[in-house]
């Protein structure tokens, strides 16, 4: 199996990513760039990777996808074999392997029981295909950019929608496994207004059937084949593939043809979750404001009043200081609160990459919310994420160097090098190792080696130089000076209560931001692993905002309690406590693995755990950065508001 044939060449990919004239087709807006056909014009049908979608009980048994023309499936191919169709970088990374097919579709031209080819399946192929049918894999076709699917009724909302893809076969109640070898292709079209004789495709439905043919195949043969096709696991099985095409005029407008695919599974749960998260955030923010604003105003007023009193008796001064110390202890550590933390280089590198992720996520969600990343443009979401993170290397380098300089770091050359290489290097290494498992399984989900080289080339050509430029500007800028001086001798830290110890505080702080996105995370994971279309970016935008507010508020509250307990080591505590949300995401992924997945192979389990760990690691850096900068601004604000002798 030649995996390299799944994608265009590296040069083609790079040109497609960097060519500005292609921007007009990179974003989908209603009414832009439709394709019109005349009667009997050829309408291409492309085939995509074969993906698992779960069995009848909505349990996923595999995460491996297969090339449509995998030798074991032996699907009918056009002369010369299925040729790859140009794809975007994001489309390739998300597992699309689009190729030409042997299906011949002509606008408004019906076909009945047209024969494609005849193949013979051996017992090994039959065992493999029957296993795939039991695991619930689906075929994926594209007609004029629309995924061919089946009409489905959501029992919860009693609404009909089109589910992309259709099953390879089905296991019957009596235990028999039928293999679908006939396809009824129903294509909806409408005539272009004001342009007679021009038609556009607005819907594609495929009804697969299993029909065992015994004689010659004619127009009426498909309706007179009552037996089903069962692939024998003890001998050879001959199978003849057929298809029918039916064109139906529809009133659906071209601009709204995707509406039937965009279905919300139980929207009440999402609204309930959003309202619940909003109430929690409002309550949390009000609590933080009441605790901090009232306490800080009282403390700052007392401290400033105390500094204005000129007392000749030193013992009297110490009595007042003791009185202040009994009320609050955060001023007592003013000489240590801006002391450099341990491992400032690693912290600054994480903060730089976290800022890069934060800005990238914000821009991506905003673009998707405005409709620029429609599912009609396959892979646009992945492409824009990669390109944004690459271009935002300047932001990451600048932030990392600026923070490292404020922490009085001395290894500035190492900081410049590690910022664009450490976190992306970890991500790429894990991604490459997981890709080796896909290559070993001959899965079409394996990213071609040429695409890997393109990613490395783009990274070192664009992101690394931009990061170096940002770091250079940051190191030339004046250092961010703390509002108070740091003592030469560190102050002794007294013992703290249980909830302020590292592990309990991390578990408490990380739980709340995770709770703000928990339900939306479930829908995202279902979309990823069950091959469903996710488009509820409005909910995602609100959840992302709630997560930021929650993460910042709860981390600031932790830092305030730490300072009141005279613990001035807040930098890493703030980053790690907020970043623990990533640990909860990984724990949630493991629970999802146990409850919703039943992966049969070792490779599938490794891939699922590996990708989940990768996502959790990036989320750890993202939320840790949000928590750190919220705490950093808070600490600078309160210590710049008091007078220190």
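Glycine is treated like the rest: Cβ placed from N, Cα and C.
Feature list (source: TrEMBL):
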type	residues	note
SIGNAL	1-26	signal peptide
TRANSMEM	271-296	transmembrane segment
TRANSMEM	345-372	transmembrane segment
TRANSMEM	384-404	transmembrane segment
TRANSMEM	416-440	transmembrane segment
TRANSMEM	452-475	transmembrane segment
TRANSMEM	507-530	transmembrane segment
TRANSMEM	536-563	transmembrane segment
TRANSMEM	575-594	transmembrane segment
TRANSMEM	606-635	transmembrane segment
Problem set entry | Leading stretch by Cβ pairs under 8 Å, where the reference is the transmembrane segment (575-594) and the options are 271-296, 452-475, 536-563, 606-635 | 606-635
Exercise. Are there at least 3 C-beta pairs under 8 angstroms linking the transmembrane segment (507-530) and the transmembrane segment (271-296), leaving out pairs fewer than 6 apart in sequence?
Worked result: yes
Problem set entry | Contact ranking winner - 345-372, 416-440, 452-475, 536-563, 606-635 against the transmembrane segment (507-530), Cβ under 8 Å | 536-563
Exercise. Excluding the flanking five residues on each side, which residues at least 6 beyond the ends of the transmembrane segment (606-635) place their CB within less than 8 Å of a CB in that stretch?
Worked result: 63-64, 337-338, 347, 350-351, 353-355, 357-358, 361, 423, 426-427, 430-431, 433-434, 437-438, 509-510, 513, 529, 547-548, 551-553, 555-556, 558-560, 563, 570-571, 574-583, 585-586, 589-590, 593, 597, 599
Exercise. Taking residues 6+ outside the transmembrane segment (345-372), which of them lie with a CB under 8 Å of any CB in it?
Worked result: 27-29, 380-381, 384-385, 388-389, 392-393, 395-401, 403-404, 407, 409, 411, 414-415, 418-419, 422-424, 467, 537-538, 540-541, 544, 571-572, 575, 618, 621-622, 624-626, 628-629
Seminar exercise, completed: Per the Cβ under 8 Å criterion, with at least 6 residues separating them from its ends, the transmembrane segment (416-440) contacts 3, 64, 345, 348-350, 352-353, 393, 396-397, 400-401, 446-447, 452, 455-456, 459, 463-464, 467-468, 471-472, 475, 603, 606-607, 610-611, 613-614, 617-618, 621
